[in-house]
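Swiss-Prot has this to say about the protein:
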BINDING   His451, Asp455, His595, Asp599  Zn(2+) binding site
MOD_RES   Met1  N-acetylmethionine
REGION    420-640  region 'Mediates homodimerization with SLC30A6'
TOPO_DOM  1-32  topological domain 'Cytoplasmic'
TOPO_DOM  78-98  topological domain 'Cytoplasmic'
TOPO_DOM  142-152  topological domain 'Cytoplasmic'
TOPO_DOM  174-193  topological domain 'Lumenal'
TOPO_DOM  215-238  topological domain 'Cytoplasmic'
TOPO_DOM  260-267  topological domain 'Lumenal'
TOPO_DOM  289-303  topological domain 'Cytoplasmic'
TOPO_DOM  325-342  topological domain 'Lumenal'
TOPO_DOM  364-418  topological domain 'Cytoplasmic'
TOPO_DOM  440-448  topological domain 'Lumenal'
TOPO_DOM  470-483  topological domain 'Cytoplasmic'
TOPO_DOM  505-520  topological domain 'Lumenal'
TOPO_DOM  542-592  topological domain 'Cytoplasmic'
TOPO_DOM  614-617  topological domain 'Lumenal'
TOPO_DOM  639-765  topological domain 'Cytoplasmic'
TRANSMEM  33-53  transmembrane segment
TRANSMEM  57-77  transmembrane segment
TRANSMEM  99-119  transmembrane segment
TRANSMEM  153-173  transmembrane segment
TRANSMEM  194-214  transmembrane segment
TRANSMEM  268-288  transmembrane segment
TRANSMEM  304-324  transmembrane segment
TRANSMEM  343-363  transmembrane segment
TRANSMEM  419-439  transmembrane segment
TRANSMEM  449-469  transmembrane segment
TRANSMEM  484-504  transmembrane segment
TRANSMEM  593-613  transmembrane segment
Amino acid sequence: MEEKYGGDVLAGPGGGGGLGPVDVPSARLTKYIVLLCFTKFLKAVGLFESYDLLKAVHIVQFIFILKLGTAFFMVLFQKPFSSGKTITKHQWIKIFKHAVAGCIISLLWFFGLTLCGPLRTLLLFEHSDIVVISLLSVLFTSSGGGPAKTRGAAFFIIAVICLLLFDNDDLMAKMAEHPEGHHDSALTHMLYTAIAFLGVADHKGGVLLLVLALCCKVGFHTASRKLSVDVGGAKRLQALSHLVSVLLLCPWVIVLSVTTESKVESWFSLIMPFATVIFFVMILDFYVDSICSVKMEVSKCARYGSFPIFISALLFGNFWTHPITDQLRAMNKAAHQESTEHVLSGGVVVSAIFFILSANILSSPSKRGQKGTLIGYSPEGTPLYNFMGDAFQHSSQSIPRFIKESLKQILEESDSRQIFYFLCLNLLFTFVELFYGVLTNSLGLISDGFHMLFDCSALVMGLFAALMSRWKATRIFSYGYGRIEILSGFINGLFLIVIAFFVFMESVARLIDPPELDTHMLTPVSVGGLIVNLIGICAFSHAHSHAHGASQGSCHSSDHSHSHHMHGHSDHGHGHSHGSAGGGMNANMRGVFLHVLADTLGSIGVIVSTVLIEQFGWFIADPLCSLFIAILIFLSVVPLIKDACQVLLLRLPPEYEKELHIALEKIQKIEGLISYRDPHFWRHSASIVAGTIHIQVTSDVLEQRIVQQVTGILKDAGVNNLTIQVEKEAYFQHMSGLSTGFHDVLAMTKQMESMKYCKDGTYIM
């Protein structure tokens, strides 16, 4: 029986079956993983050599030689004409289309290589199909695979943005005009013109071009699967496709050879470099990927293949010596390039890290709903499981749908709606300022635009805090997300303190040596900023005044209470009161208001200092106004920081101290109540004041009556989320059985005798 049913009984062709993939022991996979990593290392070597070759060889000639060498090898070993079924005319047409598409993708790939260099090309283009498909699934479908896949997609997008915005690739930036060698054919001239039309630098256009080529490659591979099955396998299809590509490119190469001057003095000297590129990039990588895809899962193959090629790219980007370039330079016919071209930068390193993280996450199989905890059984005997992470899984959705739902929630509530409208107005003014600054080459406008962009980040944080505060409570966050507004206000306050500190230090430095200022564009910019900020002041002023006045108002809530009788040695009751208060400190709105107020003061200070400088030449007015503004910002934000810290540290709300003192005195006088202990009261959010208390009652009293009276007294004092524990004599007897004396327990609970009161009603334990 063991021999009959042992082995891969569940495995189908290729190691998989209808019942799911069978895990291969890791020891058997080690050799394939090592082979895959070594192959990716060699492919990185081939791409770096390809970049050097493309400096001397026309891109069409380069692709033709690669296709020719690959076709020769694959036709020789695969024998596509003598093995397998006969190719029909309809299939030959499809193979022709396949070859055309392959040539176009190769053209985009290698032209992107000439623009970005091999390091950035490897980071952008060498992603597995499963990674790109997972990325597109997250972005454009509602079943993207959960929060992990969404996080991986975000990492991928951040990596591309790092290459676009934070990569100081100086080679192309230094070239005001392209060398004539780049325009030696209509094809390259057309591609450069298309990139110039986008209005971006060449290496940034190369990044966009490689992203486009990557998407085309994935679509090309997906569309080729059915054709590979029809013609007898992927290897046979590749052999025929490369052969057709050679025939397609041959006339073009002949025309180029006749009409253009070759930069290569001796083609014989390039045989070994081309052979290396053909074998490492085209042949070895294809065959090893095919073998590893069969022996391992596709996701594992993608995950184990991405890390070594990205690390190899970083290493070669720093240590590659361009041997072929030196050889061509010795011939005195290749264009001289600096050895520092396409070097490593901080943006590239950060981008590589994010690419590695995204490839690892996006290539991992989705594990939604695979692990759960047994929590009990149904009345019918069915086991019930609680699946970990379900609090987060249900909210996973596509990004467009998430944005749509978020906008809907933002516009439903007054606070978030006001922040959103002011954020849009602020962003509009910011981009107008940046656009006009670039148009007029005004550094002052550009710097002020980026300053306002920084202020917008505070508005975005306040907006998301207002949105998250309305999220429903989950199993993990059982109290909900109401306190996120307090945290947002605290962080905004810290930002303002940092801003005030740096403005203060810069103002002191300028007081000693006042610089001369160009006030040409300061007045219109400051007036425009003042108008925008005054609109924000009017919109958010209610939050500031409400935070100081409305918290004294009474609380209105609907409550419910219940008692729970414990069995055995104790008899407990628990009462709960839940409701929503009528007002409180909204630290989030106060933080947003103070940010707008700081910008308003800044605009006023700039206007005043500009007038004094233009009319009287008082350059010292600028640092004096800035110093005054920094002090005002600091003084206005200190109360916000203080209040937010008190809430985060669970301090008794100061506005309720006297009411709670009176309420505890009333509780002590309730008939049948002996004493109370452990009274704890704190503000949870702007609308919730929570509390817990233990009360000791006589054995003959009705617990629910006591709970109702205590709940009513504390609700009138402002506590709208209350938990009461009722303790009877049986509880103390139970504690006595646990080696604690009855009189000791009773003395422990009578805290009223040891409680000290201040004259203002504040009590101290």
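In case you wondered, yes, glycine gets a Cβ from its N, Cα and C as well.
Keep in mind the model is a prediction, meaning the values are calculated, not measured.
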For the transmembrane segment (484-504), sequence-distant contacts whose Cβ falls under 8 Å of one of its Cβ atoms, 6 or more beyond its ends: 458, 461-462, 464-466, 468-469, 586-592, 594-595, 598, 626-627, 629-631, 633-634, 637, 640-641, 644-645, 647-648, 685-686
Cβ neighbour count (within 10 Å, all chains shown) around Asp455 (Zn(2+) binding site): 23
Number of helical, extended and coil residues in the topological domain 'Cytoplasmic' (78-98), per DSSP: 11 helix, 0 strand, 10 coil
Local confidence of the topological domain 'Lumenal' (325-342) - pLDDT mean: 53
The transmembrane segment (304-324) and the transmembrane segment (57-77) contact flag, 3+ Cβ pairs under 8 angstroms: no
Stretch among 33-53, 57-77, 268-288, 593-613 sharing the most Cβ pairs under 8 Å with the transmembrane segment (449-469): 593-613
Binding-site residues compared (His595, Asp599) - highest count of Cβ atoms within 10 Å: His595
Tally of residues which DSSP labels helix, strand or coil - the topological domain 'Lumenal' (614-617): 3 helix, 0 strand, 1 coil
Surrounding residues of the topological domain 'Cytoplasmic' (78-98) on its own chain - C-beta under 8 Å, 6+ positions past either end: 224, 227, 230-233, 235-237, 239-241, 243-244
Residue counts (helix, strand, coil, in that order) that DSSP gives for the topological domain 'Cytoplasmic' (215-238): 22 helix, 0 strand, 2 coil
Tally of DSSP helical, extended and coil residues in the topological domain 'Cytoplasmic' (470-483): 0 helix, 0 strand, 14 coil
Secondary structure content of the topological domain 'Lumenal' (260-267), with strand meaning DSSP E or B: 1 helix, 0 strand, 7 coil
Chain residues in Cβ proximity to the topological domain 'Cytoplasmic' (289-303) (below 8 Å; excluding those fewer than six residues from its ends, i.e. six or more beyond): 14-15, 21, 24, 29, 32-33, 35-36, 39, 128-131, 234-235, 359-360, 363-365
